[in-house]
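Reading through the structure tokens given below for one structure.
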Amino acid sequence: MDRSSLLQLIQEQLDPENTGFIGVETFASLVHSHELPLDPAKLDMLVALAQGNDEGQVCYQELVDLISSKRSSSFKRAIANGQRALPRDVLLDETGLGFYKRFVRYVAYEILPCEMDRRWYFYQHRTCPPPIFMAAVTLTQIIVFLCYGARLNKWVLQTYHPEYMKSPLVYHPGHRARAWRFLTYMFMHVGLEQLGFNALLQLMIGVPLEMVHGILRISFLYLAGVLAGSLTVSITDMRAPLVGGSGGVYALCSAHLANVVMNWAGMRCPYKLLRMVLALVCMSSEVGRAVWLRFSPPLPASGPQPSFMAHLAGAIVGISMGLTILRSYEESLQDQCGWWVLLLSYGTFLLFAVFWNIFAYDLLGAQIPPPP
């Protein structure tokens with residue numbers, strides 16, 4: 001029986017008067033008598049929903065969302081109030097798990113602040129689709145770096161090579177009409193040290209976030225940070241080129257760190273204070289290094305060096321938009337007013353930046369370096 005037939009049968013037999021509510025006990029008997037293909041974990045969730053209702057009923061729409069695996073804010077609140085019971089109570093007490101399931105359990109404790117959410121994620125997690133976005137981006141960045149390193153025979157501070165800035169991937173204010181550069185600059189890096197820092201953070205933080213929140217949300221957050229980084233540079237540092245994926249990396253990191261701080265008591269990741277301090281020190285050091293290279297380059301004659309503003313823009317995107325995404329596990333972003341406010345603010349910034357890049361350089365008479 002397919003999903004639509006199942007929902008039609010439920011409505012006809014359990015809610016013929018279209019009251020919008022269904023008795024959970026009657027539904028459970030229907031599942032067993034007709035041997036309906038419903039995940040036992042979802043049936044446990046349904047019981048938990050009914051426990052949150054004084055009359056032991058569940059809203060028909062919540063039942064539809066449950067069967068369809070849709071994210072719903074009201075659904076999540078009902079789950080929390082119903083204190084759902086899953087087959088196993090404590091993840092840490094599990095023994096005999098394989099390597100991958102232990103990794104999934106680690107991710108659950110690392111990313112999610114609520115025990116109910118951690119348990120639900122652990123039991124409903126599937127290996128398909130795998131977290132391919134962050135892995136693909138990191139692999140592409142490494143391949144591009146190796147290609148340019150071999151071609152230029154230079155692995156540190158590649159931007160000082162006269163041929164490096166001629167790449168069609170680098171953002172340069174003189175080539176701002178080539179719109180793809182506002183995104184493709186994320187595949188280029190100053191040198192081995194910047195690539196290593198970004199790749200490490202993308203894999204350590206980005207992959208677990210993608211496993212929990214899905215490829216669409218995390219790829220949107222990462223690319224929003226990348227785009228905000230290049231557009232911010234085009235507004236605030238109009239002479240500087242830009243390379244590196246720091247805008248996206250800082251969007252992910254700042255969103256995760258902000259989520260940890262906001263839910264400090266509920267986070268179960270070990271040594272969270274020490275790790276928080278180390279992360280902030282590393283990120284601050286990277287920003288400081290980028291500022292030093294921008295204003296005090298070892299070779300001043302080589303021209304303006306890549307801007308550091310993408311780091312700050314990515315952090316702002318992560319703290320605002322990213323924090324909303326990470327706090328909305330198993331909830332629909334479309335149902336949240338705050339999400340639409342942030343999306344509208346981001347869209348307004350993009351529109352302003354587009355007009356700025358079209359008109360402001362000529363109106364202000366900005367002296368930009370000639371394109372390489």
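Each residue, glycine too, has its Cβ placed from N, Cα and C.
Record features, source TrEMBL:
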- 132-151: transmembrane segment (TRANSMEM)
- 178-327: domain 'Peptidase S54 rhomboid' (DOMAIN)
- 182-203: transmembrane segment (TRANSMEM)
- 215-235: transmembrane segment (TRANSMEM)
- SER246: active site, nucleophile (ACT_SITE)
- 247-266: transmembrane segment (TRANSMEM)
- 273-295: transmembrane segment (TRANSMEM)
- 307-326: transmembrane segment (TRANSMEM)
- HIS311: active site (ACT_SITE)
- 338-359: transmembrane segment (TRANSMEM)
Folded-back contacts onto the transmembrane segment (132-151), same chain, C-beta under 8 angstroms, at least six residues removed: 158, 163-164, 167, 169, 186-189, 192, 195, 198-199, 202-203, 206-207, 210, 215, 218-219, 222, 245, 248
Same-chain residues near the transmembrane segment (338-359), Cβ under 8 Å, at least 6 residues beyond its ends: 176, 224, 227-228, 231-232, 234-235, 317, 320-321, 324, 328
The residue listed as 'active site, nucleophile', number of other Cβ atoms within 10 Å: 33
Tally of DSSP helical, extended and coil residues in the domain 'Peptidase S54 rhomboid' (178-327): 113 helix, 1 strand, 36 coil
Range from 182-203, 215-235, 247-266, 273-295 with the greatest count of C-beta pairs under 8 A to the transmembrane segment (307-326): 247-266
Within-chain partners of the transmembrane segment (247-266) [C-beta distance under 8 Å, separation at least 6 from its ends]: 111, 113-115, 137, 186, 198, 201-202, 205-206, 209, 218, 221-230, 272, 276, 279-280, 283, 310-319, 321-323, 325-327
Under 8 Å by Cβ from HIS311 (active site), counting only residues of that chain that are 6 or more apart: GLY229, SER246, GLY247, TYR250, MET283, GLU286, VAL287, ALA290
Mean predicted confidence [pLDDT] for the domain 'Peptidase S54 rhomboid' (178-327): 91
